[in-house]
């Protein structure tokens, strides 16, 4: 297994060069991964919120935000500051402990999942070797927070929203996991680094989307349902449930739901990029680029190009999927709850299971194409 660059070891070696002991260097390192993840996630949310506002405005033939900074780029910051200073209200008959714990359980697992996302060649905070398994385990915690929030609010609309969120998540978690298992089966690894490296042979032709088109579609549909994006926003349908499980929330507790939703959307887009679109891989193999430039593959220029373009490609692929998700919000009608559950249990689940069995058969029959 390619472990990639050990960021902790490199950081400790740099601090040792300044005369610090390994124990002190380790203590300084401990909060840094989460700090890096938090900063990356918050910046990603700010960009996504601005994109959603501008794309939504364009879809409705409006201008969108334009006064808060150039082209309204400061509007997401203004939204965050507004929520920060709003009063934090707990309903009179609500369970205050569960009411407060719910938003935390929604946000924390999503942020922790970012630890296993490689943003570029050898650029990964924690390559635990079972990154995909860890992400599936963490994603199963979020519905508990949603159900807890709906139950603790002492509001019928909130409770219905929480129940819908739990039912929706359970229905789509299984086909989501089965579609990922097909990719894991071809790679023989649960590491996100190994999954991307397995797609790096022939540029765009090596990407898993060609070998797993059905899995790609199932994963994207399930990811949208897990993120509660239209047409799957049943838990917070404004016309039916006011705001669903968020109805009684205000201030920073509401902001945690808001933040968690967008962080989950970006995370899902990044995982689609890693699992099916080659991650940091450039559509043209680096060997061809080096040959055109008449440079050896290990030349410093090629190494710098590979590292730089890797981060750019990962982010570009992810935001292309975010763009598609935003467009779907304004171009598709909301499904009913019975239609949503039927889609998950009667269609996606058997298709994803059949796709996994087909992948196993093709792996035995054509090991050179499906990971022998």
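Cβ coordinates are placed from backbone N, Cα and C, and glycine is handled just like the others.
Taken straight from Swiss-Prot:
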- 27-47: transmembrane segment (TRANSMEM)
- 97-117: transmembrane segment (TRANSMEM)
- 128-148: transmembrane segment (TRANSMEM)
- 176-196: transmembrane segment (TRANSMEM)
- 204-224: transmembrane segment (TRANSMEM)
- 266-286: transmembrane segment (TRANSMEM)
- 308-328: transmembrane segment (TRANSMEM)
- 347-367: transmembrane segment (TRANSMEM)
Non-local residues, at least 6 beyond the ends, that sit with Cβ under 8 Å of the transmembrane segment (308-328): 47-48, 51-52, 55-56, 59, 118-121, 123, 220, 224, 227, 229-231, 265-266, 268-270, 272-274, 277-282
Cβ-based contact of the transmembrane segment (204-224) with the transmembrane segment (128-148), 3 or more pairs under 8 Å: no
Best-contacting stretch, by C-beta pairs under 8 Å, relative to the transmembrane segment (176-196) and drawn from 27-47, 97-117, 266-286, 347-367: 347-367
